[in-house]
Amino acid sequence: MVSLSLLLCSALAGLLHVASCIDVPDQAPLTVDECKCKPTSPKPVYAIAHRVLTEEGIQAAIAHGANAIEIDMTAWKSGWWADHDGLPTSGNVTAKAMFREVARLREDGAHLSFVWLDIKNPDWAISGRSSVAYLRKLAREYLEPAGVRVLYGFSNPRNSWGFKEIRNFLNANESVSVWMDSGDAKKIYAGVGRSIPVAQRVVDNGLFSLFWKPYIFDDLRRSSEARDCCTVGKAFGWTILAGQDRYVDKLLGYSGVDGLIYGTMASAYEDSEDTRAAAALISNWIKNHPDTHRVPTQDDKPW
């Protein structure tokens with residue numbers, strides 16, 4: 001059968017007096033199904049506890065079924081603290097204390113795949129105990145020997161010294177996430193983040209209330225397609241609140257993300273009706289989709 005390209009070329013050749021045409025078979029654009037890195041089913045879903053800032057919060061998250069936790073990290077002159085707001089009164093637990101508690105619980109049999117460090121001020125210090133290098137040192141001293149991997153999160157990596165420090169010395173237990181829309185994330189990983197291995201590239205996107213960011217579902221779908229086509233390793237969405245089962249379904253089903261941050265809108269994680277209910281939304285969704293999704297085990301490697 002003569003291809004459309006040959007017919008068009010022949011017509012144009014007649015008009016322009018071109019000597020000959022080459023028959024190039026018609027080709028459809030590359031589809032997601034043709035990409036090489038699409039996760040096999042059933043794929044693991046990571047339930048990530050939001051804004052865990054205390055040892056009690058770590059314990060509660062594990063009790064609720066979280067298999068990863070997100071800790072906001074802020075550097076002060078005295079070092080790194082589990083601190084979201086960066087106010088003199090907002091950080092009460094050091095990074096070291098948080099990491100030691102995670103390691104203790106993991107060694108006691110708790111399943112935590114990774115700790116996501118949402119770094120609020122990665123460029124606060126170039127060296128010393130307030131530098132990103134020191135935060136990494138603590139993670140490697142306490143978390144990684146216990147079998148807990150680390151995800152370093154950045155919101156503005158373009159001109160960040162801290163981002164480059166993590167990027168340049170990344171080991172196999174660590175990965176990097178950028179919080180931005182899929183198009184901007186693509187530029188980061190094609191530019192300043194291009195040396196990061198694909199499996200260790202993460203894209204995350206979300207808001208304290210997904211109601212105010214309705215385009216997020218399509219955008220995260222594009223990030224998941226980038227994962228399927230081997231340009232990033234994982235895509236995560238946030239934040240799932242109690243009663244938002246339709247958002248869980250859309251993010252895990254339509255958007256195809258690998259995990260969800262869940263919890264409350266703007267408070268530290270604790271044992272409460274709201275956090276328990278939000279965690280249950282994810283676990284129940286997985287139970288209802290056993291052919292395509294599953295709870296990860298400690299043997300699963302997120303990167």
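Keep in mind that glycine also has a Cβ here, set from the backbone N, Cα and C atoms.
If you look up Swiss-Prot, you'll see HIS50 marked as active site. According to Swiss-Prot, the feature Mg(2+) binding site maps to GLU70, ASP72, ASP118. Residues annotated as motif 'SMD-tail' in Swiss-Prot, with sequence analysis given as evidence: 296-303. Annotation comment: Swiss-Prot describes 1-21 as signal peptide.
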Listed in sequence order, the residues of the same chain lying six or more positions from ASP118 (Mg(2+) binding site) whose CB sits under 8 Å from its CB are GLU70, ILE71, ASP72, MET73, GLY153
Most Cβ neighbours inside 10 Å, all chains, among the binding-site residues GLU70, ASP72: GLU70
Below 8 angstroms Cβ to Cβ, which residues of this chain, lying six or more residues outside the motif 'SMD-tail' (296-303), approach it? 44-46, 67-68, 111, 113-114, 147, 149, 151, 175, 199-200, 202, 233-234, 258
Around HIS50 (active site), which residues of its chain at least 6 apart sit with Cβ under 8 Å of its Cβ? GLU70, TRP238, THR239, ILE261, TYR262, GLY263, THR264, TYR269
Which are the residues of the chain, GLU70, ASP72, ASP118 excluded, whose CB is within 8 A of where the CB atoms of the Mg(2+) site average out, their centroid? HIS50, ARG51, VAL52, ILE71, MET73, HIS84, TRP116, LEU117, GLY153
On the DSSP side of things, how many residues of the motif 'SMD-tail' (296-303) fall into helix, strand and coil, could you say? 0 helix, 0 strand, 8 coil
Over the motif 'SMD-tail' (296-303), what is the model's mean pLDDT? 94
Local backbone state of the residue listed as 'active site', from DSSP in three classes: coil
